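Just below is one structure, and these are the notes that go with it.
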């Protein structure tokens, strides 16, 4: 061998030795792959709430023809098993298995999938073929004796399951018993149930564990009502035209009305001091006149303070405590707007100029979302002093928690670093697990989804702009299935920022349609005050209310809401929601096709393990989407939630009661509906399956 050949050969051997074997995860004896749900490769917790079932899926298979079984298992933070359910093949041929787990207490949990070789199922499959054919009958029952004796060791003494297996074993062991008698004993319903409850397991395999965080129920279910405290009780002098602001105490007097409509969360915009520099006037004008209160989102003043202070015209912390206390007395929680931005007058601007972005000319950059400009707001720069900003914001949030705030509606979280939220929400999950954060993030789907992944409990959604049947159907399926493990939706027909063309043009009927869809389509929904007065006039060229409350006082006469019936409808919807667990659930939604593109229908279900009486609760919703004209349609019911099939003669299979009108109907699988936007625009139907 030449010197060159020797060097080349040595180099090749050295190269082979230096290449490390690739990392891999060993496949278990019974392969368990593609486990869901999981987030960030199983490092971030998926979402659930107390008594809310969630589905676990996995692809499970094995070599050969022997049978296997699987269970989904939920363990609490201490490692104790709190739920364990069999998994069923939901995609025959694809070996996709599913089981629904139901946590009962809040806090960190983990789930895993366990699979095993099932000798009883394998034996039974073989026996049902061999015994009738007279093949190896003696051997078949000899195997059964061994199997049933092993099963006896795993069943509790004096249990019904043990008795069933023992009795079957007695028959199987009789030498003179007929083979068909032995087989009948071995496959009786009692024996099958015993092996299901206490299976004989071989080749037990487990997936890795995946984290779940179980929140309190309000993280999933809530009826929100937004009001501006400064508008409630605001008065205007008839001679001078000067306004006197409403206060937190006058706003507290309005809470009885809100609670009377069935709302359980009262949401208020920022109550902090409002800056004077570049203060916005009415309808977002650049010039404010004396008496204009400014935008509550331009937070901070030299004299009164910043995020840890209260706008003097609203009152004091004592007044805030009165407001919160009254809300709690009425069974409502208070959600406070958390807007991480500053007016030019905010104390942080002078104390921490590094927390803002400086332009080349030395001025501070104000907020922009081209073509929109917010000259009265400075956005924070989270990169210059991230630790300093983090500590201060956490201090501020904890201050308001100490004053009884349990929910924060976070303004534009998508304009702040995701890592900031991940840290803040993780620490609050440990230190203040009762506190809920809603993301007001009308932004791109990846950002919305990731904000949910890192810990936001709820999110505003695109529901506001989903008006057509197909849009609504697709969006309901998206939020209830595809994204339910990471993002909980909140459906709002309008907000103080958004007034859609559909609401602008459709009048009372449009408002009713959207309220019904919001209240039934999502466990959390919300109404911005004035909705019950049909405030639907937009500022020209904008999708927001004219004379917007963000820039002026807006006292209202709510007696008018009784005349148009909207307050009655909102009250009815909240009452129906409180009565039906199905409307308090997100994941079990199915679409019912209809023969009319202007009529949408869907079914929502609460599983038996989610209800107090252990009986499935189901609601069918049918809505006319046309605010101008009556529509009729045939509704083609998806019967899978009820586990029933159509009758051979087309006769009725369910009894439905309209929770809005009180009328009861007998329906087959394809009922006819007629809905009038000026009368009954929708059906919200409870369901009873006919025997």
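Backbone N, Cα and C atoms are what each Cβ position is placed from, and that goes for glycine too.
Feature annotations, reproduced from Swiss-Prot:
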- 411: active site, nucleophile (ACT_SITE)
- 440: active site, proton donor (ACT_SITE)
- 280, 341, 376, 412, 550, 551: alpha-maltose 1-phosphate binding site (BINDING)
- 497: site 'Transition state stabilizer' (SITE)
Listed binding-site residues (280, 550), ranked by Cβ neighbours within 10 Å, top entry: 280
Among 376, 411, 412, 440, the most crowded of the recorded positions [Cβ within 10 Å]: 376
Secondary-structure category, per DSSP, in which residue 411 (active site, nucleophile) falls: strand
Surrounding CB atoms that lie within 10 Å of the CB of residue 341 (alpha-maltose 1-phosphate binding site), all protein chains: 23
Residues 280, 341, 376, 412, 550, 551 [recorded alpha-maltose 1-phosphate binders]: greatest CA to CA distance in Å: 19
Candidate with sparsest Cβ neighbourhood (10 Å radius) among 497, 551, the listed recorded positions: 497
Spatially closest candidate among 411, 440, 497, the listed recorded positions, to residue 551 (alpha-maltose 1-phosphate binding site) (Cα to Cα): 497
Pairwise CA distance, residue 280 (alpha-maltose 1-phosphate binding site) versus residue 497 (site 'Transition state stabilizer'), rounded so that it is a whole Å: 15
Nearest of the recorded positions (376, 440, 497, 550) to the residue listed as 'active site, nucleophile' - Cα to Cα: 440
Nearest-integer angstrom distance between the alpha carbons (Cα) of residue 497 (site 'Transition state stabilizer') and residue 440 (active site, proton donor): 11
Helix, strand or coil at residue 280 (alpha-maltose 1-phosphate binding site) [DSSP, three-state]: coil
Distance [Cα-Cα, Å, rounded] between residue 550 (alpha-maltose 1-phosphate binding site) and residue 440 (active site, proton donor): 16
Nearest of the binding-site residues (341, 376, 412) to residue 440 (active site, proton donor) - Cα to Cα: 412
